[in-house]
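Visitor: Quick one: the structure is below, questions incoming.
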Amino acid sequence: MLGKCSAAWNSRLKLYAQEGRFFQALQLYCQMQLSGVPPDGFTFPFAIKSCAALQLPKTGEQLHSCVIRIGCGAELFVRTALIAMYARFSRIRDAREVFDEMPRRQNLVSWNALIAGYNLNKQPLEALVLFRQMHVLGIEFNSITMLGLVPACARLQDLETGRCLHGINIKNGADLDESVANCFITMYARCGDMHDARRLFDALPEKNIITWNALISGYSQNGHADDVLRLYREMEKVGAEADAVSLVCILSACASLGAQSIGRGIHEHVIQKGFQFNVFLMNAFINMYARCGNLELALKLFDEMPQKNIVSWTAIINGYGMHGLGDMAVDLFDRMIASGIQADSIAFVSVLSACSHAGLVDKAWDYLKCMKKNHGLEPRLEHYACMVDVLGRAGQINEARNLIDAMPMKPDGAVWGALLGACKIHRNVEIAEIAAANVFQLEPTNVGYYVLLSNIYAGLRNYEGMATVRCMMRERGLRKPPGCSYIELQQRVHIFLAGDRSHPQAEAIYKMLDRLEELLKEAGYVADMSEALYDDKDSEYEMLAVHSERLAIAFGLMNSEPGTRVLVIKNLRVCIDCHTAIKFMSKVVEREIVVRDATRFHHFRN
């Protein structure tokens, strides 16, 4: 067919490999040998590449043996292909051995292959060390080198080295490469430096979808949900078309901020584009609707999915758990198991959390015990933290403490924090102090735990204990994060801080709060000062009255139709007084008010 000339066979082999037809490429290689045409240095790189792509290590070893037997081992591209192949097989030592045996190592291609191999095998430090050796030998790098190195800095969270690489790129002119620029944006984002990520993004004259996704993902991973939505609006203005990767991050931001109408708009766009069968997008929509309080629509989407994976089930289970509907969450989990879906560790965290919110102690014990027995999963720290929370919320503080003592691994801050939270609910200061001592040692900069202990002391009017906690916070340079609440109106998210007067409608909002205060008192509301942090009751009461969720609710009541539901998202736990006040608000204004705080939904109706 192709005659006895190896050039014709090599040309066809190259074509197959470049088109991703790797199986046909290996078949052609076998036919070449059967036809008596000897392979050469131009044959092996494409055969080896095909072998690596198909993950055939035994065949790869046979090809390597053939290379040695025929005497092509010194060929640069053959050796480079072998380095890349062994790296793909997770045999990085063999890749390094092939590299070290090279008689001349002045060619950049081989260095790039090994750097990429180290990065692929999650050995970022070795990749950077190799680059250092390359630099000492005076070998110039190119954009391919950077594509292997920059992710190594991201994996190590090594911002300083990443900046150095960016600097030498600018000096070398390689930063003009679009792929390298995208890589640096991702590196800055993963190292938490969104300022430099955004600055680099803005400096790029041309932006493709990968560039947009790098910055969107960065904002999402760093918890900047409002910036994600701002960037999405920028995309729309310049006519950039979001893909499934962008939309998953944008929907996550909508879920975080309770921006359901923006999410609905995206849902309509997805249906128009025919993306509604993308399982990753559908999972993101289920999560978004559930976290925006629309469980009915979340369940409808879930039921309509032709194929459901573990993420789909976990999203809907978690949604019901957050709404306090533990029985339904448990029923969904059992249905998932019955359908043949294998539960993973994350699914068990979701169902255990649901048991916690609904007080299903016995069911939670059953799940914890069956993890290893029925599913081959060892309970991890997060599962024990959930179980401690289940027991603690149910008032079984001593049982929770005994479970911590019996754990097969050392408890972490989340486990002790769950016990501390339970002690607050049940005012058990003795065990609270034990839990706090442990959690302060494990997570000395986590402000939330100090506030929790202070609130326990406040509830017991233990001002000396409160003063001690405040002193500890001052010594460690810690401050309580400001309460922040979000409410969406006409596809725009409005943000409020405690005591905030920066909103354009601030004057009207405070008048509405004053009017609500009068109506609440007439309805029998009495301020609950059990979490007051200071003994100055007047100033403390004034601060409680302007907590961020109250400002957001007042704004929502002013700007929405009578009878419609008001949904507010808060970054911290709702305090006891606000919980009581919102109950009365719902009654006097005859509106349903839903508040999602850091742990769950609170539904207020009359």
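Think of each number as a place in line: the chain as shown, counted from 1.
Including glycine, each Cβ sits where the backbone N, Cα and C put it.
Features from TrEMBL:
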DOMAIN    524-606  domain 'DYW'
REPEAT    5-39  repeat 'PPR'
REPEAT    107-141  repeat 'PPR'
REPEAT    208-242  repeat 'PPR'
REPEAT    278-312  repeat 'PPR'
REPEAT    344-379  repeat 'PPR'
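Describe the structural context of each listed feature in the structure shown, including burial, neighbouring residues and relevant distances.
Guide: When DSSP labels each residue, the repeat 'PPR' (5-39) comes out as 26 helix, 0 strand, 9 coil, counted as helix, strand and coil in that order.
Broken down with DSSP, the repeat 'PPR' (107-141) shows 26 helix, 0 strand, 9 coil.
Cβ atoms under 8 Å from those of the repeat 'PPR' (208-242) belong to residues 178-179, 181-182, 185-186, 188-190, 192, 194, 197-198, 201, 249-250, 252-254, 256-257, 259, 262, 493, 495 of the same chain, restricted to positions at least 6 beyond its ends.
The repeat 'PPR' (278-312): residue composition by secondary structure is 26 helix, 0 strand, 9 coil, according to DSSP.
When the repeat 'PPR' (344-379) is classified with DSSP, helix, strand and coil residues number 29 helix, 0 strand, 7 coil.
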Visitor: Determine which recorded stretch among 5-39, 107-141, 278-312 has the most C-beta pairs below 8 angstroms with the repeat 'PPR' (344-379).
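Guide: By Cβ pairs under 8 Å, 278-312 leads among 5-39, 107-141, 278-312.
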Visitor: Take the repeat 'PPR' (278-312) and find every residue of the same chain, 6 or more past its ends, with a Cβ under 8 Å from one of its Cβ atoms.
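Guide: For the repeat 'PPR' (278-312), the far contacts come to 244, 247-248, 251-252, 254-256, 258-260, 263, 267, 270, 318-320, 322-323, 325, 336, 339, 341-344, 346-347, 565, 567, 594, 596, 601.
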